[in-house]
Amino acid sequence: MTMFHFLNCAILTFGPHAVYYSATPLSEYDTLGTSIKTAVVYLITALIKLVCLATFLKVSESDSFDPYQELLKALIGFIDVAGLYFALTQLTHRNISQNHKFQAVGLGWAFADAVLHRLAPLWVGARGLEFTWDYILQGLEANANLVLCISLAALGSLMWLRKNKPKTLIPIIYACAGIVATMPSITSYLRRSMGWHFPEVVGFEIFTSLVMAFISWQLFSACQRPST
């Protein structure tokens, strides 16, 4: 029963990444190499973030919300944006369109994040004798993060790769990218300052990911229309 629960949670956590790859044109254009290289970039970025967090943040004795600490975390979190910039603009990609490129980059980024932050807790905790909803919620959180990563990659491709985008949309693109990039600090505020429980935070992340995906899709479609 415990192994069955672990397998269910693992499929919920990592399965959507495989489904997204196989159900979209990404598999037809053989973009797996782009996703793998992006995952490597994510691991390097995560290591840099870890060093910065250990250097500049102090260990808090309480679980209360510290604005100064969270501001530092948010600033350090923008290292992810730099990593995405490198993955989108500096990695060598096969002859794939911008549409497929940002999806492959976002997918690789989200999968690396899921493996790094959720595989070990699943392996240790989901095989426990006592059933808990926490790991199912972690799987749902990983799905929301997948949508957010692809949305951020789409916004990044508009910022850095799309040259002829409408000027009226530029502030909206940057504002949406800023919201997605600071999601960890937003959820931290909801947990520590507002007292939200884990299911409420996951629900907020799922809702926000769907909203940002819709906005990113609309922005991407608007930027692809020929200018008049």
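Cβ coordinates are placed from backbone N, Cα and C, and glycine is handled just like the others.
Pulled from TrEMBL, these are the features on record:
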type     : residues : note
TRANSMEM : 39-59    : transmembrane segment
TRANSMEM : 71-92    : transmembrane segment
TRANSMEM : 104-124  : transmembrane segment
TRANSMEM : 144-161  : transmembrane segment
TRANSMEM : 168-190  : transmembrane segment
TRANSMEM : 202-220  : transmembrane segment
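The stretch with the most CB contacts under 8 Å to the transmembrane segment (202-220), chosen from 39-59, 71-92, 104-124, 144-161, 168-190, is 144-161. Sequence-distant contacts of the transmembrane segment (39-59), counting only residues of its own chain at least 6 positions beyond either end whose CB sits under 8 Å from a CB of the stretch, comprise 69, 72-73, 76-77, 79-80, 82-83, 86-87, 91, 108-109, 111-113, 116. Counting Cβ pairs under 8 Å to the transmembrane segment (144-161), the stretch among 71-92, 104-124, 168-190 with the most such contacts is 104-124. Sequence-distant neighbours of the transmembrane segment (168-190) (same chain, 6+ residues past either end, Cβ-Cβ under 8 Å): 65, 70-71, 73-74, 77-78, 80-81, 148, 151-152, 155-156, 158-159, 196, 200-201, 204-205, 208, 212, 215-216, 219, 222-223.
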